[in-house]
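Shown next, in structure tokens, is the structure this report addresses.
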Amino acid sequence: MDQGWEYRWGDSPFTADGIPVWTQETGADRWSPIAFPSNPPGRGSRTNVWYRVILPDGDWRDPVLYVFSVDLIVEVYLDGRKIYQFGHFDDAGKGRFEGWPWHMIPLPVGCSGKPLYFRLYSDYMDIGLWGQVRIMERVDLFQEILRNSIERLITSGFSILIAFLSLIFGLFNRGRGNFIAIALFSLASGCLVLSGSQLNLLLIDRPLFWDYMGAIGYFTIPVAMAILLERWLKPARVLLVSVIWRFHLLYLIGAVGLSLMGLVSLADTYPLFDGCFAISLTLLLIPAAQVAARGSTDHKAILTAYAVLSLLLLLDMAVAHNLVRWFQVPVAWGALAFSLAIVIISLRHYARTQTALRAMNVSLEHEVRKRTAALARLVRRERQRAKMLGIENQKRAELEKILSDLQNSGGVSEANEILIHCLPALCRPLAGAYYQRDEREGAYRLLDLWLDPSGPDRAQPPALVPVTEVFRLLSDDNHWRLSVLYEDPRHGERELGMLWLRIPEARGDGELSDTGTPWRQLIELGLEKIGLVFSQLSLHSELRRLSYEDGLTGVKNRRFLDEVFERETALAKRHGRSLSVIMCDVDLFKRFNDTYGHAAGDIVLKRLAALLASVFRQTDLVCRYGGEEFCVLMPGTQAKDCRQRAEDLRQRVESESFEYEGHSLGPITVSVGIAVWPEMPIAPETLILFADQALYRAKQSGRNRVEIYIDR
Ligand SMILES: Nc1nc2c(ncn2[C@@H]2O[C@H](COP(=O)(O)OP(=O)(O)OP(=O)(O)O)[C@@H](O)[C@H]2O)c(=O)[nH]1
């Protein structure tokens, strides 16, 4: 019904029968033609208007007039009779907003060609009918409503489902605020679309209820959209976006609250909202476009979805405000598409984040494993170090003990015995062997072998192994070959022996240095100190030798005799063993010196000392008593044997031919005095004294003779 419409401002008076007077008047001068019964010109502050139209011809069985919709309340008259009413007119012809439902006005059969009158009241910006006005069969209308509604029911159902799923996802996944925002948007658009479904009124005939639902949904959309954008714009969060969603939230609460309280009409909240919404949509485009321009594909996709939905919403607003010709703007599909786009992008984003998190977890676990292994290695090394430290301390103590024993020993050979005995304990738990160097033989002697059954003893090496053979035997990568060196005062650096040690086993992770090096350092330090002690001992014995030896003849000197004599007399007494002393003096040596010179005298003394050494046994002690006088101590020798030896000496000297610088020095003789204990009744300590007396007697008796002490 898009032609033949007329309007007339104001409200008709009514007859006493309740028939509007304007429906009875004839003459068209008060009515003005209008293309569509909405917003006639010259409204001013008027709130009442009447429209009329001649019902077209048609062959209907059950005709109805379908109107979508009316601003704001309406009464419809045919033949002066009220056939339809929406809202309540008071006596002043005014009424309250009752909602924006679609209307089905039943028409009687045969109404064609008759004028149909609409009495309207509106304090809203629009006044009149809106959208579609059509006459059709009732059944066709129901079918069309069903057809139109299915689309909305499906899209709203989808939106609400998305809202529900997003809410669940958002609630059970901490930090998934995006999904809460999606849930809010989907719920808002779902409610908006559902409230616009025409089937609703057939189910629940409460237009205001549906309008409130629609208003809440509609007013929530900018809030949800801004929150969504705000989340996606992170970290470039824009103040403007946050201001916008807060403003719209306040508007939603304020508008719905005030309407429910009856302070404002819900209808009146729409124009202002639409204005703000249009501005907000445009403003939101600016930061969104900025981020999308330099953002990811996701950002660009969101902006595209946002731009499409914004366009649809703006178009819908333009239709609502008659700025463009009425048509069904597919806002429902736009909102659904927007929700789906956001959901898909969010899920993709979520999946990517999860994958990244998993990858991070894997790398973190890998890192943790690596660190743990490093820590375990460190702990093992520390433990090893602590163990090594314990062993080191113990070994140091053992070494100190060995060094002290060596220092307290009687000399190099005794120290050697101690070393051979102690070395295995010092080196344990390392397996090894010790080869002592025999300089005279130019060979090594295997003196000890411990712990190592695979050592060189398996072949049962001979007691003396040539140097080259030992080197061949001991040259192997699994063992250390360490020499024990010391300084000999007469021959310089000497090798005492060779230590052969099995290298401690590596742990298989390159810790050989951790286990091997301290061991080697420890042993090397020990051997160095041992070598030092041997050097000292060697030096001492050399010094001792020098201090007890007569420089000219090489036999022991008087000092040595004094020390040994004391010990020998004590031993003789303790064991009841005999002890003999011989005193021997060159005859007329002064004259000899005077005749041949002092140097020749020295030669004679040296020769005489050699003769003494060859005549007496090794166990006898030959000393130079002083000047040309010699003393021989003969432990365990009785008078008879002693006298025999003394006689042998005298004869050897007498028969010896002494020479000096190619000249014969003439005959040399010696006088000898003997004293023997216990065969003679004297104290052992006086043996030298009495032997000297006997010597004196020999001199007195004509020299070149042996005299034995006789107690007179
Ligand atoms: N060439 C040399 N002469 C020495 C050495 N020690 C002592 N004499 C000398 O030995 C001589 C000892 O002389 P006397 O004690 O008088 O005795 P003698 O001349 O041997 O006479 P009788 O002992 O009575 O036979 C002295 O002239 C000393 O100088 C020495 O180391 N070398």
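Here the Cβ of each residue, glycine as well, is placed from N, Cα and C on the backbone.
Quick look at what TrEMBL annotates:
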- 577-711: domain 'GGDEF' (DOMAIN)
- 153-172: transmembrane segment (TRANSMEM)
- 179-203: transmembrane segment (TRANSMEM)
- 209-229: transmembrane segment (TRANSMEM)
- 238-264: transmembrane segment (TRANSMEM)
- 270-289: transmembrane segment (TRANSMEM)
- 301-319: transmembrane segment (TRANSMEM)
- 331-351: transmembrane segment (TRANSMEM)
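Long-range contacts of the transmembrane segment (238-264) within the same chain: residues 212, 215-216, 219-220, 222-227, 229-230, 273, 276-277, 280, 283-284, 286-287, each at least 6 residues beyond the stretch ends and with a Cβ under 8 Å from a Cβ of the stretch.
Listed by sequence, the residues of this chain that lie at least six past the ends of the transmembrane segment (179-203) yet keep a Cβ under 8 A from its Cβ atoms are 68, 101-102, 145-146, 148-149, 152-153, 155-160, 162-164, 166-167, 169-171, 173, 210-211, 213-214, 216-218, 220-221, 223-225, 227-228, 231, 331-332, 335-336, 338-339, 342-343, 346.
Sequence-remote contacts of a segment are chain residues at least 6 beyond its ends whose Cβ falls under 8 Å from one of its Cβ atoms, and for the transmembrane segment (301-319) they are 221, 225, 228-229, 232, 274, 277-278, 281-282, 284-285, 288-289, 291-292, 325-327, 329-331, 334-335, 337-338, 341-342, 345.
Within its own chain, the transmembrane segment (153-172) is flanked in space by residues 178-180, 182-187, 189-191, 193-194, 197, 199, 332-333, 335-336, 339-340, 343, which lie at least six positions past its ends and keep a Cβ under 8 Å from the stretch. The residues of the domain 'GGDEF' (577-711), classed with DSSP into helix (H, G, I), strand (E, B) and coil, number 60 helix, 36 strand, 39 coil. Per-residue confidence over the domain 'GGDEF' (577-711) averages 93 (mean pLDDT, predicted model).
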